[in-house]
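Taking it in order: structure first as structure tokens, then the write-up.
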Amino acid sequence: YVLLGKIKINKGCFVGYGATIEPHVTLEKGSFVRPLKSVSVAHSVHPLPEGRESPKPGRMMPWLAVLQAAVLYYLAGLFVVISVAAGVAIMYNVPSHRSHITLLLPLSLTQGVTGVTIPFVTADLETDYVWWTLLPLVVFLVIPHAYFLSVVLAKHLIVGYAQPGSERRSRNWKTWLYVVLIDCPLFRMATQFTVMSHLTKWQFKLLGCKIGDRAYFCAPFIRDPELVEIGDNCIVAGNVAMLTTSLDEPYANPIRLKNKAIVANTVVLHCGCDVLEESIVGDGVSMPPDKVLTECMVAVRDNSDTLPYIMMKRQSISQVSPATTCSYTYYQVLLILLQLVLVVGTHIPGYLAAGLLLNSVEGALPSEVGTWPFLPVMFLLTMTSKILLIPVFKWAVACKFSPREIHLFGFRYVIWIALEAVLFDADQLFLQSLCGTSFISAWYWLMGAKIGRNVCIMGQSVGCEYDLKHLASGTVVNHASLLFSHSVERG
């Protein structure tokens, strides 16, 4: 069943980053929900901590607020248009024996828009294999990175830099613009397809982050990159947010990760947090503002309402010998090439099949109509072919995952990270639209998971070690749920 229930949030409440409010919950006046906390009718909600006030929205005339939002959205949309125009310019200059613009619009409308008379094209022409091969490279590689470069320019020329201790209200519109820009799917495509590689490190250094040597991270959400310092040999896993500014904090403060610090999956670090040498922030932990995790400590999530996390001393830390420069460089190059082949290259067979399909049906409709009615079929063909190629690569190269330790930075680790990158891409583009269907269960089974009958999976499909996942009959995995059979740590 799908259960529906009312949610009531009264005056002066604050709901933290990534929190979940379940049905039939009423938040009383002044309630405070910690980040990443799930609130149901069985849980109590405490008021705001002493000394902290509920954030108050800035006062602005309604017409001025609408005007400001329109200008900022125009700027954000302008960067998308520029990026797409760069891709269109490349495809326009690709040699072709036909005009592919008729794929999108009827012939009469196309001529009216472009002002160019397009000759009638018969269906016996050969498919442009070069054009259809380059199209996914432009769509999934050139356009996202063109957008990323636009965001970098916007960050340095328009948004600017936040200073430690600067007042949040003085940068409201700049922070809003930057958050909108990095929340665009094109930005995620550009930063997530090379996760845990040197390319991701260089991308965030271009945005302003201070990053040490051999730091591995998974494209975290960062509001002010210039206020984030990541030391040598640090690890930042997926679904991490570094909130250098927050709606409930009046000032911006830096976040620092010292050498060999580790931040696990689904973690929120607030402004002013310091994670010192060889410390670990465990899965699902939300560190409050201005907290310091001292050396060689572990922060573990506390599911009670008493503390946001529990600190424990690391009992032992094994000193793993670092990889040599030659070995590290070799595996970095291999990882980037594999990610490029998997994330972008797996689109090519689907686009070639779509080109063959449209070429074969081109004569079935009048030239005035074009082949645009078949575009939905083309999109379905391109996406399903990619989804079905992922299990093929998994079984051909990665084979079966078993409980074990995978050392950084080796061949098995490279294969695992490459699969994670393509799953990030596939989940965002297609798999999430199929949540709750039998196709997802069948796809889990193709990837090696043990799936019973009547399983409903509404959560994300990331976490490539499907051989270690067992979902019995009648299991329900709800929205925004993550099934991780791995944890990243050092020592």
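Any Cβ shown, glycine's included, is placed from N, Cα and C.
Copied over from TrEMBL:
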TRANSMEM  71-94  transmembrane segment
TRANSMEM  101-123  transmembrane segment
TRANSMEM  129-154  transmembrane segment
TRANSMEM  333-354  transmembrane segment
TRANSMEM  374-393  transmembrane segment
TRANSMEM  405-423  transmembrane segment
TRANSMEM  429-446  transmembrane segment
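Sequence-distant contacts of the transmembrane segment (71-94) (same chain, at least 6 residues past either end, Cβ-Cβ under 8 Å): 100, 130-131, 134-135, 138-139, 142-144, 146-147, 150-151, 154, 158, 173, 176-177, 180-181, 184, 186. Most Cβ pairs under 8 Å to the transmembrane segment (429-446), among the stretches 129-154, 374-393, 405-423, belong to 374-393. Counting only same-chain residues 6+ beyond the ends of the transmembrane segment (374-393), those with a CB under 8 A from a CB of the stretch are 103-104, 136, 342, 346-347, 349-351, 353-354, 357-358, 361, 419, 422-423, 426, 429-431, 443, 446-447. Within the same chain, residues 75, 79-80, 82-84, 86-87, 90-91, 94-96, 100, 177-178, 181-182, 184, 186-187, 189-191, 193, 203, 206-207, 340, 343-344, 347-348, 350-352, 354-355, 382, 425 sit at least 6 positions outside the transmembrane segment (129-154) and bring their C-beta atoms closer than 8 Å to a C-beta of that stretch.
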